[in-house]
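Below you'll find the structure, written out as structure tokens, and then a few comments.
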Amino acid sequence: MFENISSNGVYKNLFDGKWVESKTNKTIETHSPYDGSLIGKVQALSKEEVDEIFKSSRTAQKKWGETPINERARIMRKAADILDDNAEYIAKILSNEIAKDLKSSLSEVKRTADFIRFTANEGTHMEGEAINSDNFPGSKKDKLSLVERVPLGIVLAISPFNYPVNLSGSKVAPALIAGNSVVLKPSTTGAISALHLAEIFNAAGLPAGVLNTVTGKGSEIGDYLITHEEVNFINFTGSSAVGKHISKIAGMIPMVLELGGKDAAIVLEDANLETTAKSIVSGAYGYSGQRCTAVKRVLVMDKVADELVELVTKKVKELKVGNPFDDVTITPLIDNKAADYVQTLIDDAIEKGATLIVGNKRKENLMYPTLFDNVTADMRIAWEEPFGPVLPIIRVKSMDEAIELANRSEYGLQSAVFTENMHDAFYIANKLDVGTVQVNNKPERGPDHFPFLGTKSSGMGTQGIRYSIEAMTRHKSIVLNL
Ligand code: NAP
Ligand code: G3H
């Protein structure tokens, strides 16, 4: 079913219901992060082509916004079914393109199908309200405000490389059910997977122009997209640096930004250390640490630190490394630049006296799982987001010291607290300046109807199915004067 989206290895863009080649003849190659082989090429669109795309999106939105929600939901449920039917095919593309292990790729695709279906259902349950005037002091019952939610218009969705299907789908689906049209600009590495998702919506019968795609390097076309006068909402997931840049140049355009993190796992003396270690290792090293919600530091109470380090070390040594198509956890990082950056953090920690327990082994962009103990606040690894398989352990003397260190970070995505004592868990959770605190589990975004947000440099606005629909609609009030 995907024969139209590429020709001779060059992927086109979905424009007004058709897969169209760019007139620029400018392409960007995507190579496998695993073996360097050429996966395909995506096109770099021109500003004029972007203008045409926005024109198409505007026209299509007018009709789509008036399409009954039950009809929008029907098309989306169909898209979810088609995605499920093609899950294995798309998972393979994903694993090839971003070197995510196949099991995780399949789970990303299936999760996206569930997300789209749940969003369709949630949309059909969104209702307005009627507010009487006489609740307000001195007012009579002579007015009635009828409040409903209406679409914003055109949503510009920009997704990152690490979840090209899911973090595209989780922007597109809530925007669509709300009656918006969407211009999707996927990460250049990951674009091929995201374009397959776009074709699935197209094949499900989404009217022409309701979903259009734009490929091209963010550094070249990004600012033009962000500041385009036709954009009514920006839904961005990616690095804090790019997110902050977007919020500076976008003016009064509303937006949701989901950005980087430095999630702490705080381990108290009474924690079940076996299950804690398991959770920390899967949280820190899954997809080689390339998750915004990865455990990116451990703050452990001195008394249990030795025991925790021993348990974590054992599990890190068991992690399988290699080919994304084998049953492994650690695969090559997205590119050499990413690996070079991780290496600078490792080198800095060693130079400043951290205890290297496992790792610091590298073959080009394949970084072996690395674990440090006795990390201190003067080391970069204590504060910077590696987006790679490196975990620093910092020993603390009290809950308050852990809270202080956790909150000193520029990031505020999630944190985890491991303890059997709910009083302590709530004491810490209430003081952490993050979007979500997990008690006795690793940080994670799902289930996808939960609110997902970051404070400080981790973002602004809230995602999560209902929250995303709300973010991409506005209130409209019609007052009946009785
Ligand atoms: P990134 O480099 O910031 O890129 C994200 C997206 O922004 C890509 O589509 C990129 O396009 C585009 N972009 C780059 N410059 C732009 C500009 N000037 N204007 C508009 N768009 C522009 O992030 P990444 O490397 O893909 O992802 C890793 C980062 O994302 C990490 O920091 C991670 O923590 C964060 N992340 C956060 C969440 C969350 O939910 N909080 C989820 C996933 C990832 P190109 O690919 O063409 O450059
Ligand atoms: O990379 C950032 C994602 O939003 C994290 O999602 O917690 O399901 O891996 P996840």
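From the backbone N, Cα and C atoms, a Cβ is placed for every residue, glycine too.
Annotation comment: TrEMBL describes 19-478 as domain 'Aldehyde dehydrogenase'. For the domain 'Aldehyde dehydrogenase' (19-478), the mean pLDDT of the prediction comes to 98.
Look at TrEMBL and you will find Glu258 tagged as active site. The secondary structure of Glu258 (active site), as reduced to three states from DSSP, is extended strand.
All protein chains shown were included, and the count of other CB atoms within 10 Å of the CB of Glu258 (active site) stands at 28.
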